[in-house]
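Inspection log for the structure reproduced underneath, given as structure tokens.
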Amino acid sequence: MSPQTETKANVGFKAGVKEYKLTYYTPEYETKDTDILAAFRVTPQPGVPPEEAGAAVAAESSTGTWTTVWTDGLTSLDRYKGRCYHIEPVPGEETQFIAYVAYPLDLFEEGSVTNMFTSIVGNVFGFKALAALRLEDLRIPPAYTKTFQGPPHGIQVERDKLNKYGRPLLGCTIKPKLGLSAKNYGRAVYECLRGGLDFTKDDENVNSQPFMRWRDRFLFCAEAIYKSQAETGEIKGHYLNATAGTCEEMIKRAVFARELGVPIVMHDYLTGGFTANTSLAHYCRDNGLLLHIHRAMHAVIDRQKNHGMHFRVLAKALRLSGGDHVHAGTVVGKLEGDRESTLGFVDLLRDDYVEKDRSRGIFFTQDWVSLPGVLPVASGGIHVWHMPALTEIFGDDSVLQFGGGTLGHPWGNAPGAVANRVALEACVQARNEGRDLAIEGNTIIREACKWSPELAAACEVWKEIRFNFPTVDTLDTQE
């Protein structure tokens, strides 16, 4: 008998295909504190039992493949395999269920969101035995969290850098998002910052196009920042989008921003990729730059309820990879966002310890072990009438960003910024006096209009604007 044949015989190798559930469905398994836990919404093909589908997810996202291989005998599968340890039905959905999978920590490279996602949401999402698959939530264990730097600075450090406390921060995305020259772009930035905003922002697809190259934009925006700071006595910033075609070019743009002395840069973390994002976050921490994160492309991944990945997972991944701000929906604006679900992942972005709460879509208790928090950014179709609701929903540790709601003011950009600042200050003062923003919000705004003609004009323009469409990605009703 040859040595190779002898090895196969000794490990009891038997060629062929066997059911996944014989190896990867282990309902008796007790999860460990070091396991990464995942909750998948699974829709199996007709005829595929839930246990087999759940086990297939565990197998194909860890050590398994479609057939038995003799090299299984050269390692300890019990140590390295993913395990489907629990299955539960989805209320109101006969063909869907939640499969809970535990992954040993040794399966993942330290400090790499890229590697974690390559395994957990890799090829398994194209598996033919599944009609659809969605990753609803992840529990990141402290042992793995501690291998990440996380956000470059975090909420408290940002407030200290900006010297701004006790209220949400105010921003504005410059519009039109494409087509302005660098000088006209810088003019709009100056007018908004001079009017009372804390930040202005490059839109996600502003990189370095023929009509406005990145270096020119950076220079004119820096001039606008310094001029508005000198005139207002407040620290100002503009999210300079450093996203580029290569990591090297991205870092070059961040270096130039640092040389200009501006406080913050920006990255499109999903289109740019997690490897690029983590690299930029490390640079920002080392060089004192805040990092604003845009989530362009997220709805391709997270909007459909039965396939893809919920944004709460992308939010957790961003906190690991690094970012000081991230767009998180508005609940009340033009973009998708269920209220309870949004509040759930907002807490996961900001808080150090978040308890399991299925009523808000949180499947696992998450301990961030002092990883810095991320400011959620509310942006998309919001205006001054939304200010009470936004202040009540998101609280002080947030960024409220009005693009069209600033630049669409009938009197111009600076009056639009004034209107938003007055509305915010009125809401914060009313809240601090004990008034209920959810009930008295419109009254508070009308009262402020009496001493702010800019706010009164904005209220008149947008009094009829509504985005009353049902949310596609709603929470399941728990029995």
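Positions of Cβ are set from backbone N, Cα and C atoms, glycine also.
Here's what Swiss-Prot has on this protein:
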{"type": "ACT_SITE", "residues": "LYS175", "note": "active site, proton acceptor"}
{"type": "ACT_SITE", "residues": "HIS294", "note": "active site, proton acceptor"}
{"type": "BINDING", "residues": "LYS201, ASP203, GLU204", "note": "Mg(2+) binding site"}
{"type": "MOD_RES", "residues": "SER208", "note": "phosphoserine"}
{"type": "MOD_RES", "residues": "THR330", "note": "phosphothreonine"}
{"type": "SITE", "residues": "LYS334", "note": "site 'Transition state stabilizer'"}
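Features per Swiss-Prot, on structure.
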residue	record	Cβ neighbours (10 Å)
LYS175	active site, proton acceptor	16
LYS201	Mg(2+) binding site	29
ASP203	Mg(2+) binding site	18
GLU204	Mg(2+) binding site	20
SER208	phosphoserine	17
HIS294	active site, proton acceptor	28
THR330	phosphothreonine	26
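Among the recorded positions GLU204, SER208, HIS294, none has a Cα sitting within 10 Å of the Cα of LYS175 (active site, proton acceptor). Checked against THR330 (phosphothreonine) by C-alpha proximity, the recorded positions LYS201, ASP203, GLU204, HIS294 yield HIS294 as the nearest.
Listed in chain order, the extra residues whose Cβ falls within 8 Å of the Cβ center of the Mg(2+) site residues LYS201, ASP203, GLU204 are THR173, ILE174, LYS177, ASP202, ASN205, VAL206, TYR239, ASN241, MET266, HIS294. Rounded to a whole number, the C-alpha distance linking the residue listed as 'phosphoserine' with HIS294 (active site, proton acceptor) is 17 angstrom. A straight line from the CA of ASP203 (Mg(2+) binding site) to the CA of HIS294 (active site, proton acceptor) spans 9 Å.
Note: the CA-CA distance between GLU204 (Mg(2+) binding site) and HIS294 (active site, proton acceptor) rounds to 6 Å. Straight-line distance linking the Cα atoms of LYS201 (Mg(2+) binding site) and HIS294 (active site, proton acceptor), rounded to a whole number, equals 10 Å.
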